[in-house]
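A quick write-up on the structure given underneath.
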């Protein structure tokens, strides 16, 4: 989300020579947008659909019967999280940000106030109330904390018109937002890869074997997302900016 007026001289500076990325070249460079959008929207529709009716019998999550408000806050967390997940890809799409900053900004407001902010707040009680043990509880709390940090940092940077900082924090925030998708992949993989090793450690405790694998999959998802963003998205950008600065400095010195 970029919080500014639609002027390129206000700090929303497009790369590549100061011109917005247009045409086939921009689309070729941003081929990843379509599969990423399908990844986000597909999961959002699939994962959030069963909570629309607020019927506890449709959820696969374990609900605490002694806490009547457990399911309502879980459903609200999932539904607002679905908004965030479905819109996450728009917040890191360079073409939209550079060519239609007004649209990018308006979607960003929805992403924040109907998505990551309410879902992020509800993530804390949902994590605390999980019935799957301390490992997952603290994993969920760590995930919620990092999500909150990136949400606040990205929002504040946008409000203060620090657009490069805003952009970097939004990459991190989207990494956290979409890690809830990837965890559905990493958890079964972690369980499948290590289940055969765990019975010797947890003899006769089949549920604990599954929970331990789920914990490993949870950490693998959001830590993996953050490492990917830092090393393969932000690190190359920093190198390009440093190289451009050196070139400019050399040209100035030559004159």
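A Cβ is built for glycine as well, from the same backbone N, Cα and C atoms used for every other residue.
All annotation found in TrEMBL is predicted automatically rather than curated by experts.
The compositional bias 'Basic and acidic residues' feature in TrEMBL is assigned to 1-10.
Summarising the annotation, TrEMBL assigns region 'Disordered' to 1-23.
The transmembrane segment feature in TrEMBL is assigned to 31-49 (among others).
What TrEMBL lists as transmembrane segment is 69-89 (among others). Counting only same-chain residues 6+ beyond the ends of the transmembrane segment (69-89), those with a CB under 8 A from a CB of the stretch are 33, 36-37, 39-41, 43-45, 47-48, 51-52, 54, 56, 59, 61, 63, 107, 110-111, 114-116, 118-119, 122-123, 125-126, 129, 174, 177-178, 180-181.
Per TrEMBL, the feature transmembrane segment maps to 109-132 (among others). Sequence-distant neighbours of the transmembrane segment (109-132) (same chain, 6+ residues past either end, Cβ-Cβ under 8 Å): 1, 62-64, 67, 70, 73-74, 76-78, 80-81, 83-85, 87-88, 90-91, 140-141, 143-144, 147-148, 151, 155, 173, 177, 211, 214.
For 138-160 (among others), the entry in TrEMBL reads transmembrane segment. Non-local neighbours of the transmembrane segment (138-160) in the same chain are 1-4, 108, 112, 116-117, 120, 123-124, 126-128, 130, 166, 169-170, 172-173, 175-177, 179, 215, 218-219, 222, 226; each lies 6+ residues outside the stretch with a CB under 8 Å from one of its CB atoms.
As annotated by TrEMBL, transmembrane segment applies to 181-202 (among others). Here the transmembrane segment (181-202) has long-range neighbours at 39-40, 43, 47, 85, 208-210, 212-214, 216-218, 220-222, 224-225, meaning same-chain residues at least 6 beyond its ends whose C-beta is under 8 angstroms from one of its own.
The transmembrane segment annotation in TrEMBL covers 214-234 (among others).
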Cβ contacts under 8 Å made by the transmembrane segment (31-49) with residues that lie 6+ beyond its boundaries: 78-79, 81-83, 85-89, 93, 95, 178, 181, 184
